[in-house]
Ligand SMILES: Nc1ncnc2c1ncn2[C@@H]1O[C@H](COP(=O)(O)OP(=O)(O)OP(=O)(O)O)[C@@H](O)[C@H]1O
């Protein structure tokens with residue numbers, strides 16, 4: 001079955017030659033020129049023609065014409081191969097053109113054509129060459145299973161300068177030639193058939209031969225009257241299991257030229273003569289092209305377009321193809337001149353250089369298939385990472401780990417240094433806690449030890465022992481490893497934080513206690529201030545009755561005046577009571593001042609170490625009345641109502657003794673002191689200052705009193721002070737209220753008496 005596809009540009013995409021810079025480089029190569037000298041034909045033998053040529057070796061042919069020796073023309077010609085009359089076509093193929101023909105299997109265009117005079121054996125040779133090439137082509141296909149080959153065939157003839165399709169007898173008699181930028185000259189509508197196998201190909205080739213114009217001439221019964229070109233297009237692709245998408249594609253041209261002829265010899269006339277003219281004309285163009293090409297491509301214009309033959313064979317003549325020319329000769333002396341011209345042509349042809357290159361195509365189907373495969377491969381690669389990429393990632397990870405380890409090493413080193421520094425500090429603190437290098441913490445601990453109920457001396461000692469133990473453990477463990485040191489540092493820091501928190505809690509407790517005391521003191525101070533204000537008010541109120549009393553003395557009415565005098569006397573007796581009361585209040589004032597003066601300031605040490613000047617000032621202040629009690633003393637009273645050197649009994653003594661002015665020595669009560677201290681003579685105010693008391697055993701014992709007890713004492717004393725003062729103030733208020741009531745009553749009575757006196761005067 002014959003499959004026909006048009007060899008038109010429609011199939012161009014499947015056969016786009018790759019000639020880009022990335023493609024295979026072209027290879028310059030001279031045209032392979034061989035000469036085949038056939039034996040004398042029967043006709044020549046019958047004519048008793050002589051052999052004029054002799055193949056002296058496989059490369060040289062020499063003229064045996066006796067007259068030739070006398071001319072200046074060369075008698076010896078050398079070619080790539082010279083095949084004598086006994087040479088088989090197989091030998092010509094094998095030794096002369098096989099390499100060129102089979103180049104087409106590797107993507108290189110190849111052209112094999114026979115050139116020679118009529119009846120020299122061109123058709124005879126080319127049929128044998130084509131047959132051998134087809135055999136070798138299919139043998140190569142069998143030997144190359146990894147590639148998928150496609151062989152297409154087209155056949156044309158140039159008859160009288162008309163192009164005819166040899167595979168399509170119904171086609172136009174003159175096919176057009178088209179110029180394709182990639183493929184060169186193509187024949188329009190030329191049928192190209194795909195050969196399914198070698199037999200099919202042979203069959204198609206036979207069709208072409210059968211379609212060729214053949215005519216009988218005087219020299220050849222079956223003279224070819226046209227130039228025949230059988231073109232095999234061979235495309236090969238690696239099979240689907242390969243990722244290769246490119247295909248080799250090349251054309252192999254078998255060209256059987258019509259033979260040059262002389263009309264005098266062929267006796268042609270009419271059609272044959274016309275055919276001979278066209279044949280000779282096209283062959284002349286071919287000779288010109290070869291001659292020009294033989295002297296170099298830069299020799300100027302190459303007249304390819306002067307004939308359809310040279311136009312179609314343009315790539316094969318100095319272009320992208322390997323070309324082999326078999327010049328056939330008749331050995332007959334009668335054809336000596338034609339044979340010599342053939343040898344001249346062959347001589348020029350062997351100087352022509354071609355630039356053959358491998359032609360590859362990328363078909364759209366293959367490209368799509370390849371892209372699909374590539375996408376699938378990339379997707380698979382994404383799912384399963386490439387081992388080399390995994391290795392790179394691993395290296396990156398390891399480098400990062402190294403950097404991290406270096407960082408940790410540096411950090412551990414700095415922590416070790418810090419731990420050593422802390423250990424040295426802790427050791428110093430343990431050996432000499434009073435000279436600790438951390439005063440803030442020590443301060444907190446000392447406060448906690450005194451004031452915090454959680455951190456009494458026992459608790460502190462236990463914590464200290466625990467801390468020492470932890471430090472020892474830390475020191476032992478610090479020599480093990482950096483991370484252990486880090487752990488110990490954290491433990492120490494945690495311990496330090498705990499201690500700091502405890503110290504802060506103790507400080508808060510202390511501050512709260514101080515605030516409570518201040519509140520209590522403030523209450524007392526406010527009470528005292530109220531008391532003072534009331535006393536001042538009382539004094540001012542007391543002055544009014546005196547003025548009224550003066551008024552009553554000058555009353556004119558004697559009887560009334562007598563009554564009034566009695567009343568005044570009574571009031572005076574009441575006034576004496578008020579005076580007594582005021583005196584009592586002054587005594588209380590003095591007592592409070594005494595109490596204020598007796599209280600220590602914020603700094604007990606400074607009170608104890610008060611200078612004589614300070615003491616004399618204190619004494620002076622103590623003698624002042626309560627109303628003039630200065631703010632400084634009040635401040636002292638507010639700040640430190642709980643002086644350990646004063647007791648509630650001392651403060652209450654003036655009240656118990658009916659506001660007896662307190663003695664200076666009463667600041668420290670003998671009753672509050674221990675027995676041993678009571679027996680110790682206390683110096684009088686004039687005999688010694690308060691600071692001298694520090695030297696006494698009692699005072700030393702007092703200074704060594706536990707702060708907690710002293711605090712308690714302060715608290716109790718302050719509370720008693722406040723209670724007693726409030727009670728006394730309440731009593732005073734009651735008395736003042738009574739006095740005010742009496743004063744009001746007296747004023748009313750005096751006013752009434754005054755009015756009565758005026759009325760009497762008026763009367
Ligand atoms: N090498 C050869 N050995 C034996 N016979 C040959 C040889 N070459 C050619 N012949 C015979 O010579 C005759 C002419 O050959 P052929 O037809 O091939 O010549 P041609 O060059 O093709 O002529 P034309 O140009 O007219 O077509 C044929 O009968 C052929 O069998």
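Glycine is treated like the rest: Cβ placed from N, Cα and C.
According to TrEMBL, the feature ATP binding site maps to 116, 117, 118, 119, 120, 121, 122, 123. Counting only residues at least six positions away in the same chain, the Cβ atoms of 122, 257, 259, 260, 327, 328, 329, 330, 342 sit under 8 Å from the Cβ of residue 116 (ATP binding site).
Annotation comment: TrEMBL describes 361-429 (among others) as coiled coil.
Here TrEMBL flags 492-541 (among others) as coiled coil.
As a whole-number mean, the pLDDT of the coiled coil (571-598) in this prediction is 56. The coiled coil feature in TrEMBL is assigned to 571-598 (among others).
For 8-19 (among others), the entry in TrEMBL reads compositional bias 'Polar residues'.
TrEMBL lists 624-633 with the feature compositional bias 'Low complexity'.
Sequence annotations record features per position, and here TrEMBL assigns compositional bias 'Polar residues' to 634-650 (among others).
The compositional bias 'Basic and acidic residues' feature in TrEMBL is assigned to 657-686.
Annotated domain 'Kinesin motor' per TrEMBL: 30-352, in sequence order.
Annotation source TrEMBL lists region 'Disordered' at 1-28 (among others).
What TrEMBL records for 599-705 (among others) is region 'Disordered'.
Other residues of the chain with a Cβ within 8 Å of the Cβ centroid of 116, 117, 118, 119, 120, 121, 122, 123, the ATP site, are 114, 124, 220, 259, 328, 330. For residue 117 (ATP binding site), the count of additional Cβ atoms within 10 Å of its Cβ stands at 24 [all protein chains shown]. Counting other Cβ atoms within 10 Å of each Cβ, the lowest count among the binding-site residues 118, 119 belongs to 118. Residues near residue 123 (ATP binding site) in space but far in sequence (CB under 8 A, at least 6 apart, same chain), listed by position: 114, 222, 224, 256. The secondary structure of residue 117 (ATP binding site), as reduced to three states from DSSP, is extended strand.
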